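Peer 1: Dropping the structure in here first, questions after.
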Amino acid sequence: MSDNEDFLHNEEAIRQDPDNLIKSNDPNHPANLICTLCEQFYHNNWCTGTAGGISIKHSKYDHIYVAPSGVQKEKMKKEDLFVLNHDGSKILRSPKFYKPSDCTPLFKACFNVKNAGAIIHTHSQHAVICSLIFKDEFRISNIENIKAIPSGKTDPVTGKSIALSYFDTLKIPIIENMAHENELVDSFHEVFKKYPHTTALIVRRHGIFVWGPTIEKAKIFNEAIDYLMELAIKMYQLGIPPDCPIGDEQKY
């Protein structure tokens, strides 16, 4: 990280000009990366009609970058972003014409309780359909892409996260939707207690939230889960339970 960026994230520099928080030519800087990913997710049909959003915590300075509400994701610019302090209790930068994403309280919960580095929220049709097929949990077993998702266990020697295995069952909790997204906070905290190792939750008839220690990991988790949800829907259409044991699919 350059000395210049250290200066731009200095408290005095932020006080003098909050726009210092978004001044970076680094494509991986949160202010730039959120815009890039939002456009990509729009073209994936995950974030259309201003729906969905992304929040990233700066890996060095802990400032939280949040997409605004009501902005078409494929047209988002870094000048549109909100920036919060490390726990989301204070807005450091606020654009003139927008309000923070309605998901901001949910993002804050993931940062503060799950120690997330980034959260992705999409209105994936696969997530919505799965929320209609499954009751309380999305479940799928014995599929290769499950190996992209962390198990919540840690290797005692290396200290690295251990992924789910091919033979494991991925379980993602499903919560009921509310009229306003900020009303989902209590349900989020209930999920955190009941499913301490989950890296995602589905909101019925709404979409999905996926988080990870970094935006790179969160993106991988989100893509793998969306693939698995699409596959589960096709299995369901064929009458095959997505979590059936290997070989039992022949019964259906």
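Positions of Cβ are set from backbone N, Cα and C atoms, glycine also.
Automatic, uncurated: that is what TrEMBL annotation is.
Grabbed the feature section from TrEMBL, which reads as follows:
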- GLU144: active site, proton donor/acceptor (ACT_SITE)
- CYS103: substrate binding site (BINDING)
- HIS121, HIS123, HIS206: Zn(2+) binding site (BINDING)
- 1-20: compositional bias 'Basic and acidic residues' (COMPBIAS)
- 32-233: domain 'Class II aldolase/adducin N-terminal' (DOMAIN)
- 1-25: region 'Disordered' (REGION)
Peer 1: Taking the recorded Zn(2+) site as HIS121, HIS123, HIS206, identify the other residues of that chain whose CB atom sits within 8 Å of the mean position of the site's CB atoms, giving them in sequence order.
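Peer 2: Here the nearby residues are ALA51, GLY52, THR122, SER124, ALA127, VAL203, GLY207, ILE208, PHE209.
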Peer 1: Given the binding-site residues HIS121, HIS123, HIS206, and counting only Cβ atoms in the protein chains shown, which has the most within 10 Å of its Cβ?
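Peer 2: It comes out as HIS121.
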Peer 1: Would you pick out, from the recorded positions CYS103, GLU144, the residue whose Cβ has the largest number of other Cβ atoms within 10 Å?
Peer 2: CYS103
Peer 1: DSSP on the compositional bias 'Basic and acidic residues' (1-20): how many residues come out helix, how many strand, how many coil?
Peer 2: 15 helix, 0 strand, 5 coil
